[in-house]
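As given in TrEMBL:
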- Asp238: active site, proton donor (ACT_SITE)
- Arg49, Gly50, Ala51, Arg89, Gln197, Asn248, Lys249: substrate binding site (BINDING)
- 180-232: domain 'Rhodanese' (DOMAIN)
- Cys158: site 'Transition state stabilizer' (SITE)
Amino acid sequence: MSQPEFLPIQWKSTFLSLLDQRALPGKKEFLQIHTVEDTIDAIRDMAVRGAPAIAITGIFGLTLGAKKKSGNIIPEEIDSLINQVFESRPTAVNLSFALQEAKKRVGEETDWESIAKIWESFALEMMVDDLKANQALGQNGAELFPKDQNQIHIITHCNTGALATAGHGTALGVIRSLRDQGKKVVVYADETRPFLQGSRLTAFEMLEEGIECYIITDGMSGWLMNHRKIDAVLVGCDRVAANGDTANKIGTYNLAIVAHEHNVPFYVCATKDSFDLNLKTGDEIPIEMRKESEVTQFDFLKTADGKYLLPEGKTSPIGARALNPSFDITKAKFIKNFITEMGCFVPGEILVRLKSV
Ligand code: MRU
């Protein structure tokens, strides 16, 4: 297994070092996180984001919480710690599954010291497993493209790379795997309003790796599919319901409809931890509503000493209201294949494929 390209989540035994993704691409700054409360803030404020990275960070947060305590546990304290972390971001199911597993692993242990050790090794194990899963997923996705096709043009949305995972990435993992096979990949990265994960983070990862990448605004994909040859749309996901409906970053649904209209295959890249078979359809997936100011101003347009370059960073009139649903649901009918570490399959195969793992 090769090493991850970036190390945005680094465990330092007594604290967690997190690459602050809000400062990217301007600065590579690491936050030193010492408490569960600071971990929750880092997740909620999106210093760390991306479904797998959130889940791993959450379990390190539990570990920090357990390390601050001593003596014997009161079972309610475990629940309260887990619930605090659970509430940080609701849409991605990876965090919720990881917290359920963390609770299961407490088993018969009764002292905080042992529980901190259990959670610490669980989080470290998650990092290894996620990197392995992404590398397998990347290989499986690369096989969907014809062997003799040397140039591949891909549209992607949000950031699904090493910054969002333990390394390699999901949709960006497929792109890395294609590049590793010697193919020339041209990436069109949706800028991904309002948080700009595409233009800030995906473009940053692609530049660092020397993969040709063009940022497009979220409304440009229709033009692009009309005027250039696009081979595929590859996106990640935050939660997949049993029928294949998929929650991912806001704007994914629009992209899927445009791809469908232009007969461009639309692939969702997901590790098994993103499939929530408890939910029948996407209507049951909770959609996070984030603050309006993410839409009405660019918090990124700040100088190093915290001054906004535009008045208060605003790109809209003072008093303008906004809607900011942070995710949307892509109907299963628009998804050609799920690309996973277990192989590629159509939405109708989810139950069979996932029940056997
Ligand atoms: O709000 P974010 O940046 O956490 O949203 C991230 C996404 O929507 C990703 O596509 C998803 O988490 C998959 S990351 C491998």
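Cβ atoms are placed via backbone N, Cα and C, with glycine included.
Features recorded in TrEMBL, as mapped to the structure shown.
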residue	record	Cβ contacts under 8 Å, 6 or more apart
Arg49	substrate binding site	Gln21, Ile43, Asn159, Ala164, Phe195, Gln197
Gly50	substrate binding site	Asn159, Thr160, Leu163, Ala164, Thr165, Gly236
Ala51	substrate binding site	Ala92, Val93, Asn94, Leu95, Ala164, Gly236, Cys237, Asp238, Arg239, Asp273, Ser274
Arg89	substrate binding site	Ile43, Arg44, Ile54, Leu95, Glu288
Cys158	site 'Transition state stabilizer'	Ala164, Asp190, Thr192, Gln197, Gly198, Thr202, Val235, Gly236, Asn248, Lys249, Gly251, Thr252
Key: For Asn248 (substrate binding site), the number of other Cβ atoms found within 10 Å of its own Cβ   = 30
Task = Could you name the residues, excluding Arg49, Gly50, Ala51, Arg89, Gln197, Asn248, Lys249, of the same chain that surround the substrate site, i.e. Cβ within 8 Å of the Cβ centre of those residues, in sequence order?
result = Ile54, Ala92, Cys158, Asn159, Ala164, Gly236, Asp238
Key: Max pairwise CA distance, angstrom, over record-listed substrate binders Arg49, Gly50, Ala51, Arg89, Gln197, Asn248, Lys249   = 17
Ask   = Residue counts in helix (H, G, I), strand (E, B) and coil for the domain 'Rhodanese' (180-232), per DSSP?
value = 24 helix, 13 strand, 16 coil
Ask   = Can you count the other CB atoms that lie within 10 A of the CB of Lys249 (substrate binding site)?
value = 28
